[in-house]
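Visitor: Below is the structure I would like to discuss, written out as structure tokens.
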Amino acid sequence: MKRIGRIVGIVSLAGAVFVGTSVGACGGETENPPATNEPDLTGVIYTGAATDEALEALLLAAPKTDAAQGVVVDTPAAGATLPKDVPPTIEWHVGGSSAAREPSAGERFVGAAKAIASFFGPREAWAHGAPVNGRAYLLVFSTPKSPELVRVFTTELSYTFDAASWTKLALTGEPVTLVVTNAIFEDNRVAQDGGPFTGEAVTFSIGP
Amino acid sequence: MKYLPLLPLAARGSFAALLLLGAFAGCGGEGEGPPAPVPPAPATWDFGLPAGYPKPKVPADNPMSVDKVELGRRLFYDKRLSGNETQSCASCHDQKLAFTDGRAGGLGSTGEVHPRSSMSIVNVGYLSTLTWANPLITELEEQALLPLFGETPVELGLAGKEDVLLERLRKEPVYEALFPKAFPDEADPVRLENVVRAIGAFERSVISYQSAWDRYNYGGDSKALSEAQKRGKDLFFSEKLECFHCHGGFNFSDSVVHDGSTFTETMFHNTGLYNLGGTGAYPEGNRGVYEVTSVTTDMGRFRAPTLRNITLTAPYMHDGSIATLSEVLDHYAAGGRTIADGPYAGVGSTNPYKSELINGFVLTEDEKADVLAFLAALTDDALLTDPRFADPWKQDSAGGMP
């Protein structure tokens, strides 16, 4: 008898739980579609060990202003005019680091090699490899008429344009503004006190 | 201070009894006489870490303070913490070797050689399990008891000499002042429990965050790594080499916990270092997690240590059986080590309990040099001479901390 009683009790409890969860699950979901706050990652170029998971985390976090943690763009300089036919290398460092100095001959050679390699095209998706640990940088290139025309997410401290992306910017005929936002990640998540930190904007032109 | 897989039950029982006695002793005498003056609150501890670098998880019953860390540092470097007063924790954890000793097996105070090499204490506050292969030891305060009182083998050799140790400490004027500062709420703070608490607090303060890699990866200093190191970094984090799966994250280890972390990872791996007679076995007495669990699939599983300062911590692997980092890369490139003859003969790459991540790879000599260059970028030179982690007794005789 005890066994039968236990079975009846279990079946009753299961039924009650089922009804309860079903009612709860139905409530109010038919009127509005589920809200989504997933950022738009379309067209982002990934380099280095950057991942889309980390970028999503960066875009969902509220940016902070901290000059020591913000990025300083080394090249191009503000107000510079860059040649249209040569995809340039963008270089930067974090404000608080001691990295600002002229590149060595070897580093210039590597930059040139990257420029040549860039003609083979960008990597347009990168995910599910090693998670990002440390800093990663979102470069956003905008023109007055075309905000966020090119976006690059990278764990490196330089980026050499591919020909197609550079042409896209050059064809606008407008001045280009670059803003680099960086964050410090732990396993693709923005770390505690890890930003994101917005750097100062740099505007440059592309020659005819 | 070295690491033991497990203490004999009898020894562990005596530790527990000691801690209980200590706890009761600490409670004695309260509520009698006039209220004691309220001591000043201990100065809180600042890890001084850069933005975004995780902070160690600090146990609620052992909060960090400046005085406690200083006390722990004193104890760490104090030879009175060995039975025959010949060794301190620092004897096997030398700052200039990233707190290791350069030996294949640690050498105890009575001359016994430990079957495993002394692990670095750098960033030990981030580890989710301590020692090479014991998933049960998770707190530094608990682990510190092992080298102090362990008998298989004898390390610092204090088993049965607990009262002698406390008596030695009570006679030292520095401790007479420091123990009450570190444990201001206690009437008689010179207790074994507080000794290991202070050592744990000091160990938790030893953090590496100033290597070239850190300056590049966390500091955003584009010039911190050479081109060879950058190429090595790309190889290290590639699926070709798979290194990052076990040696990833900020601490280059996959068994990590820190302040604010929501998920504690605890991993152990068989890397195909041995395969005695083709059975999958590792040498007796040094069989990894199997020594604790007796589960066959735990044979040869050890924790992946941090790679920070790895160029300084030779010889390598749990038993120091590989002399150089170059040979370590050869071992992983082969997917396991082959020992042609002798008592340990066997083909490690066919060990049935080997991690599925150890499959071998091909590296050119240039690529190998790049990976080695990257590993050298993990050396934190500042830590090796940081006066906060140096021998305070020597600093005293030299006129104090510089």
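Think of each number as a place in line: the chain as shown, counted from 1.
From the backbone N, Cα and C atoms, a Cβ is placed for every residue, glycine too.
Keep in mind it's a predicted model, so treat the numbers as computed, not measured.
So TrEMBL says this about it:
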SIGNAL    B:1-25  signal peptide
DOMAIN    B:67-203  domain 'Cytochrome c'
BINDING   B:CYS89, B:CYS92, B:HIS93  heme c 1 binding site
DOMAIN    B:227-379  domain 'Cytochrome c'
BINDING   B:CYS243, B:CYS246, B:HIS247  heme c 2 binding site
Visitor: I want to verify one value. Collapsing DSSP to three states, which class is B:HIS93 (heme c 1 binding site)?
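Guide: DSSP assigns B:HIS93 (heme c 1 binding site) to coil.
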Visitor: What's the number of neighbouring CB atoms sitting within 10 A of the CB on B:HIS247 (heme c 2 binding site)?
Guide: 21
Visitor: Do you know offhand how many angstrom separate B:CYS92 (heme c 1 binding site) and B:HIS247 (heme c 2 binding site) by C-alpha?
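Guide: With distance taken Cα to Cα, B:HIS247 (heme c 2 binding site) is 24 Å from B:CYS92 (heme c 1 binding site).
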Visitor: For B:HIS93 (heme c 1 binding site), just count the other CB atoms lying within 10 A of its CB, please.
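Guide: For B:HIS93 (heme c 1 binding site), the 10 Å Cβ neighbour count is 26.
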Visitor: Roughly how many Å separate the Cα of B:HIS247 (heme c 2 binding site) from that of B:HIS93 (heme c 1 binding site), to the nearest whole number?
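Guide: B:HIS247 (heme c 2 binding site) to B:HIS93 (heme c 1 binding site), Cα-Cα distance: 22 Å.
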Visitor: On average, what pLDDT score does this prediction assign to the domain 'Cytochrome c' (B:67-203)?
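Guide: On average, pLDDT over the domain 'Cytochrome c' (B:67-203) sits at 97.
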Visitor: Measuring Cα to Cα, tell me the gap between B:CYS243 (heme c 2 binding site) and B:CYS89 (heme c 1 binding site) in whole angstrom.
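Guide: A Cα-Cα distance of 31 Å.
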Visitor: State the Cα to Cα distance, in Å, between B:CYS246 (heme c 2 binding site) and B:HIS93 (heme c 1 binding site), rounded to an integer.
Guide: 24
Visitor: For a three-state summary based on DSSP, what are the helix, strand and coil counts in the domain 'Cytochrome c' (B:67-203)?
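Guide: Helix, strand, coil within the domain 'Cytochrome c' (B:67-203): 62 helix, 7 strand, 68 coil.
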Visitor: Find, among the binding-site residues listed as B:CYS92, B:CYS246, the one whose Cβ has the highest number of other Cβ atoms within 10 Å in the structure shown.
Guide: B:CYS92
Visitor: Enter the number of other CB atoms within 10 angstroms of the CB of B:CYS89 (heme c 1 binding site).
Guide: 27
Visitor: So for B:CYS243 (heme c 2 binding site), how many other CB atoms are inside 10 Å of its CB?
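Guide: If we count other Cβ atoms within 10 Å of B:CYS243 (heme c 2 binding site), we arrive at 23.
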Visitor: Setting B:CYS243, B:CYS246, B:HIS247 aside, what same-chain residues sit with their Cβ within 8 Å of the center of the Cβ atoms that define the heme c 2 site, listed in sequence order?
Guide: B:PHE236, B:GLU242, B:PHE244, B:HIS245, B:GLY248, B:PHE252, B:ASP254, B:ALA304, B:LEU307
